Every structure is written in structure tokens, then in C-alpha cells.
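Annotation source Swiss-Prot lists NAD(+) binding site at 71-76, 105-109, 129-130, K142, K151, 169-172, citing sequence analysis. Under the heading Zn(2+) binding site, Swiss-Prot lists E184, H248, H265, citing sequence analysis as support.
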Amino acid sequence: MEKITVTLGERSYPITIAKGLFDDPSAFAPLKAGQQVMLVTNQTLAPLYLAKVKATLQQARIRVDEVILPDGEQYKSLSVLNDVFSALLENSHSRDTTLIALGGGVIGDLTGFAAACYQRGVRFIQMPTTLLAQVDSSVGGKTAVNHPFGKNMIGAFYQPASVMVDLNCLQTLPARELSSGLAEVIKYGIILDSAFFSWLEDNMDKLLALDNQAMAHCIRRCCELKAEVVAADEKELSGLRALLNLGHTFGHAIETEMGYGVWLHGEAVSAGMVMAARTAQLIDNFSEQDTQRIIRLLERANLPVHGPQNMPPEAYLPHMMRDKKVIAGKLRLVLPTKIGKADLRSDIEHNCVVDAILQCLPYENV
């Protein structure tokens, strides 16, 4: 069992990483007998994990209600959020309730935002079941739902009480979802840790094969890096946390334009990271050699390195200008400077961005 702390003063919380965690009543120790819990999951995960987690909670004499949502990015919406509120109210959940997000990034983001809003804020616990959620979205308190005009546009910074990573969940993860999570893993190496990037180059085959030792190390290192960044810049005020958005400005444009769920988040971020690398090259701030290292590693993870074939470069910028990093009408992009380091830039001309996107086309739709 591994434990990492996200250090935020009184709001600090643990990330626990272990196999079989969902079967362990002691893992829910902060909850007390008789307390209410609302388990939020989706129709795909409910048959796999809902009964197991409910039984574990009931062993600890915790009162459990559940809400089962449709599965998919397109359901990370205000209307589905309202379904969670309705379930809480119909079951008379009061301010001392705890919401548990049992799922991937969609469930975690939506449940966290529900917790931030319900009766002005209730406790919630992240139980991430996808690699992407385990290494990234479950840690750091970013909660949100999507809007037709943009991804994660309606949300709040709201930290969980704890994050419980059960490595056994990866055994049921579809290959495409595993690759999607690996995009966020690779991102950490590009922006923060060149040694970790090199380790990924040496161990990608083991990760794809779900080697226990390699995967445990990978998840632990990603959570350590994310925890350090969140502790230093929780609400993206200094620019440090914004570096975690490498590839996301391009990637969110792809997700929004193509329709939520057509491209998985990690797939869009993967193509976006190559676009960011090409942009950095065009301003002579990144090497072709490092770009090729990124492309090779993404391809080994079975990820796209080009944008959608039917999305022209001019379709990107309107979405990118709605990005949450835009300030005073200026596009701000996270660009790598070398493997292991990145900068937040606000001086990139739009024609440079378009030229970089052009270099990353075409790609057959997924």
C-alpha cells in the first residue's frame, strides 16, 4: 500500500494506492457508522463494482444510497448533474452526507461538482476506476460539467476528502481507455520529469501489459507530481498548475468540435501535445529530436499524433479562444521547452498556431 498526501493545510488529504482497496472496510475509516453516503457511478461500472463497494461500506455500518448515470463524456452535463441533486434530495441527504465518485474522469468531475454545490458543500471521496482518473483527474479538486460551447466550463475548485486508487480496476479497463490514460501519464514526463519520460520509454510495453510493479510505480509517480503541483498552486494563480494543461487547449477544441465522447479525452490531449510541440518548434524553442521522442512514445501507447481528418485548422481557434487560460483576450498556451520542462506563453501568434495544426493533419477519425 502506498500513501501520498496532497498538502493543503486543513484541507490536506491522502491518496491511497493498493490492490483490493475497494474490499477493505478500513479504507473508509474517515466515515463513521450510521453516516449517509451517496454512491455515484455509471451503467458500465455498476455491474462490475457497485455491489462490492456497497457491501464494503455496509460492513462498516454506513447507510448507502446510489445513483447510476449513463456512461460517456456527453453526459457530463447540467441535466445529469441535476439527476444527482434529485437523488440526494429524494433520499433526504443532509449536510453531513458524503458523495463517493466511483468511476472515471466524467463521474469524478461531475460528482465533485455536485458535492461543491449541494447544500453549499458536502464531503466527497474519489474512487477512480480508469488510469486517466487515477493519475490525473481525481487529484487536485478540479470539478466541472461541460457546456455545448466548451469543455469543463461550469465548475469549481473543490478538494476531495480522500482518493482511493484500487489497482485491480485496471484489469477491467478497455484497451482504448488504458491508452487514453497513458496520454496524461506521458504528459507528466514532458512537462515535469525527464527521468520519468525516459522510464516510460523503457517500460511502455510493461504498462500496456498491465505489469503490476510497473503500473504501481507509474501511478505513484504521477500522483506525486500532481500532488506537488497542486500544493504549490491549487487554483492556477502562479502559472505552475497551468502547465498540467499541456495539449489540453488543442485537445479540448477537438473534443468540443467533434462532439463529446467521439474522441476520448486522452486521445485528444495526445494529438494536442504534438500540436504544442510543433508550435514550440516554430518559435525555435523546442527541438525536432524531442518532438520525435514524444511522437514515438505516444504511438507506442496506441495514441493519435494527428488531429481529426475532418477538422480544419480554422475550426480550432474559436474553441481555443474560449479556453479557461485566456486572459484579456490573449491565447495562452503551455509549450514544452525540452523534455521535462514547459512554459506558459501568451505571445504566440494565431498564424503560428494554425501552421502547427497544419503539420499535424490528417488523421482518420477514431
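Cβ coordinates come from backbone N, Cα and C, glycine included.
Locations of recorded Swiss-Prot features on the structure.
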residue: D71; record: NAD(+) binding site; contacts (Cβ under 8 Å, 6+ apart): N42, Q43, T44, L45, V106
residue: Q74; record: NAD(+) binding site; contacts (Cβ under 8 Å, 6+ apart): G259, Y260, G261
residue: G105; record: NAD(+) binding site; contacts (Cβ under 8 Å, 6+ apart): P128, T130, L132, A133, D136, S137, S138, H265
residue: G108; record: NAD(+) binding site; contacts (Cβ under 8 Å, 6+ apart): A101, Q126, P128, A133, S137, S138, T143
residue: C169; record: NAD(+) binding site; contacts (Cβ under 8 Å, 6+ apart): F22, Y49, P128, T129, T130, Q134
residue: T172; record: NAD(+) binding site; contacts (Cβ under 8 Å, 6+ apart): L48, T129
residue: E184; record: Zn(2+) binding site; contacts (Cβ under 8 Å, 6+ apart): L131, L132, V135, D136, C222, G266, V269
residue: H248; record: Zn(2+) binding site; contacts (Cβ under 8 Å, 6+ apart): V269, G272, V334
Cβ atoms near H265 (Zn(2+) binding site) (within 10 Å, other residues, all chains): 28
Check: same-chain CB within 8 A of Zn(2+) site center, minus E184, H248, H265: L132, D136, S137, A183, K187, G247, G251, G266, A268, V269
